[in-house]
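Enquirer: Before I ask anything, here is the structure I am working with.
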Ligand SMILES: Nc1ncnc2c1ncn2[C@@H]1O[C@H](COP(=O)(O)OP(=O)(O)OP(=O)(O)O)[C@@H](O)[C@H]1O
Ligand SMILES: [Mg+2]
């Protein structure tokens with residue numbers, strides 16, 4: 001446990017000043033900020049919007065729509081590959097692997113840092129979306145704060161679903177980044193899989209594509225094909241599968257430099 | 001008892017090519033062990049195996065009397081290393097790089113300033129490693145290797161990229177940590193001249209085989225044994241017959257007789273007797289062999 005804490009601290013320090021942070025921050029803020037600008041631009045609509053009982057859900061789903069379909073998978077592909085490849089970029093695997101740390105701890109702490117960054121991105125996105133919905137009331141005197149009660153439970157559930165949808169992407173990008181030294185391979189393969197998923201949205205069996213789930217949230221379907229199983233089982237299974245495979249690959253690598 | 005020893009270490013990257021062949025390194029405690037060999041001899045491969053960076057195929061590695069296969073973490077806790085080039089997070093400062101390893105090794109935070117001072121990097125402040133010179137990065141890598149006050153230091157060509165004064169400083173640094181802190185150092189190099197001034201022991205590797213291991217004076221002695229005397233006389237045939245009668249092995253190469261190197265008194269006696277036989281000596285020559293020559297002979301054997 002002491003080793004895990006130490007290793008986590010070290011991994012966290014490695015993200016300092018890295019591009020991954022900028023991606024998380026811009027990725028979290030971008031869409032809410034654009035939507036906010038849009039609202040200010042059409043400010044005559046705001047009073048009616050804020051008075052409507054669906055104001056929260058309307059803007060939350062609008063923000064999630066852009067996020068889930070495009071920005072989130074792209075951002076996750078980039079951030080995971082960036083963080084996982086910090087050792088390759090700096091040629092530091094050889095030093096890290098001569099540190100007195102079990103391989104399992106190194107693997108686990110890298111994955112934890114990536115998931116923490118993702119979580120941070122989610123938190124930022126939610127705060128920014130909340131701001132996008134409420135801020136106009138601060139700036140315009142004739143605009144009231146939304147009257148409808150804040151749908152706390154629904155918001156948490158939505159976040160949880162999208163987080164789960166990202167896990168296969170995290171796990172597979174992590175696998176690719178550990179396996180290949182060339183940064184272009186995980187990035188290229190990731191974008192390729194994302195595009196395949198977009199095309200697969202109209203396919204009957206599209207739900208088997210591991211990068212599709214955040215878009216699949218908007219498909220109106222909640223089960224796996226004609227079965228009664230919730231499709232969210234699939235990202236969970238993929239995540240475990242990919243993580244297991246990448247751990248085995250990492251552990252059995254003959255050359256740990 | 002050796003601080004580090006390997007037994008029958010062999011390695012192949014590909015089936016056809018044996019990169020290491022039955023290496024038996026024996027590094028005595030408290031020594032500075034110079035691991036010498038030309039480019040591609042297998043130094044880095046050996047050191048990687050010793051540190052567990054390459055999966056061992058054959059043989060055993062024992063450090064501090066423990067087997068690397070069973071006590072990897074406790075061995076690494078007391079070992080500092082620098083393999084090939086500096087391993088540093090280039091977007092971080094010198095202090096941040098050290099802080100990160102300080103967490104991992106869980107050593108005293110005071111060590112950070114201490115090793116920065118020791119390697120002359122205290123003044124680098126907020127400068128990131130990406131803007132360091134090669135020599136500064138090399139020094140920082142040494143600082144990282146020394147951070148947790150290891151018992152054993154494994155350095156693979158640590159003077160790569162250092163200027164002459166940097167090389168001398170590095171040598172002084174290594175000598176002083178060896179003497180004052182009793183740290184055993186295993187250092188690889190392809191330059192004999194660099195190791196000769198520093199090391200107490202040496203192992204010479206060529207084409208994946210250890211061709212010599214011992215102290216430097218043993219190396220000289222071994223070479224002396226292999227040295228020759230060259231004679232030019234007025235009658236080589238007669239001289240050869242005469243010497244052979246005295247059980248001295250003699251070869252003839254054109255106009256020169258080649259004898260094994262003999263003690264001085266013996267040489268003087270032979271010379272007197274040859275004169276008595278009426279054979280004139282034009283030239284007696286025992287080429288002085290430098291350590292450099294010894295080294296070259298060893299690595300040019302095959
Ligand atoms: N990853 C690798 N894959 C295949 N062959 C390799 C690999 N690394 C090293 N070799 C081969 O193993 C041999 C020994 O290489 P090694 O790096 O151990 O030499 P070295 O003694 O450290 O040389 P140098 O003084 O140039 O650093 C070389 O013939 C090299 O081509
Ligand atoms: Mg080398």
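Using the three backbone atoms N, Cα and C, a Cβ is placed for every residue, glycine included.
TrEMBL lists A:20-41, A:63-84, A:105-135, A:155-176, A:183-203, A:231-251 with the feature transmembrane segment.
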Enquirer: Using a Cβ-Cβ cut-off of under 8 Å, list the residues of the same chain that are 6+ residues beyond the ends of the transmembrane segment (A:155-176) and lie near it.
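Expert: Those are 56, 60, 64, 67-68, 72-73, 76-77, 80-81, 84, 110-111, 114-115, 118-119, 122, 126, 185-186, 189-190, 193, 210-211, 213-214, 216-217, 232, 234-236, 238-239, 241-243, 245-246, 249, in sequence order.
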Enquirer: Out of A:63-84, A:105-135, A:183-203, which stretch has the largest tally of CB pairs under 8 angstroms to the transmembrane segment (A:20-41)?
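Expert: Ranked by Cβ pairs under 8 Å, first place goes to A:105-135.
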Enquirer: Can you name the far-off residues of the same chain, 6+ from the ends of the transmembrane segment (A:183-203), with a Cβ under 8 Å from a Cβ of it?
Expert: 73-74, 77-78, 80-81, 84-85, 88-89, 169, 172-173, 176-177, 209-212, 215-216, 219
